[in-house]
Amino acid sequence: MLVFGYQVILLTFGALLGQWSFFWKYEKKLLVKLGILSKARNKDVTRIAIFASGAGSNAAKIIDYLEGHRSIKVALIVCNKPGAGVLQIAASKGVPSLLIEKERFFSGDAYLPELKKHKIDFIVLAGFLWKVPVSLIAAFPNHIINIHPALLPKYGGKGMYGMKVHEAVLAAGEKESGITIHYVNEHFDEGEHIFQAKTVIEAGDTPESLAQKIHALEHAHFPETIERVLGRKS
Ligand code: GAR
């Protein structure tokens, strides 16, 4: 009883001093410790799933950046390609992974039960080359973001992924390219933009050298942008 009285006094003074959120955070931790508030109900941790189809260099950067984060956890890697590099990355970093197949993803339950089992709150597409089914978008409204290796709305849409994007950008004689991080809706690469960054294209650039510059931009900005979108600094 005495303990509770003390907590109430603490919160009252916290509120009076305009420090409510600071004291409430402290209280929540204490309540979880005392077993009064369960961790599951303590929605302070956002659990994200990274969907990827290839090497997974972005996934690796995101996992490393968020390692030990106070309120964001990479809880699952979802991959549609057996043998993809991202699966090894998941294994080496101790993140569970889920290999998905077309039929169930597009015509079945879109693996919603697995996402629920892993308590996923937010989805990050990092080089995921399948379109996201409407059922998944409906289950995660405004909670799915994607990275695209060009300055959308140019060089986006069906068939525009990886090297194909860089080849098209160079073939068009563009003087710059870049990255776009955006929300995902039912149209390929058309959701609301969150962030863009640019790089200059030089005379000798090849699709490979441009891919390197784009990857550097992605690695520098994607993890931080995810943290900003979730509004949770460590
Ligand atoms: C990234 O450059 C990403 O922007 C691109 O695939 C690459 C994946 O690299 N995504 C698309 O083209 C989506 N349309 P990674 O596997 O090394 O992270």
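Using N, Cα and C of the backbone, Cβ positions are placed for all residues, glycine too.
Record note: among 6-24, 63-81, 6-24 is the stretch given as transmembrane segment by TrEMBL. According to DSSP, SER57 (N(1)-(5-phospho-beta-D-ribosyl)glycinamide binding site) sits within a helical segment. Taking GLY56, ARG104, ASN146, ASP189 as the candidate recorded positions, the subset whose CB lies under 6 angstroms from any atom of ligand 1 consists of GLY56. Within 8 A of the CB centroid of the N(1)-(5-phospho-beta-D-ribosyl)glycinamide site residues GLY56, SER57, ASN58, the other residues of that chain are ALA52, GLY54, ALA55, ALA59, ALA60, LYS61, ILE62, GLY85, VAL86, ILE89, ALA126, GLY127. Within 10 Å of the C-beta atom of ASP189 (site 'Raises pKa of active site His') sit 19 other C-beta atoms, taking all shown protein chains into account.
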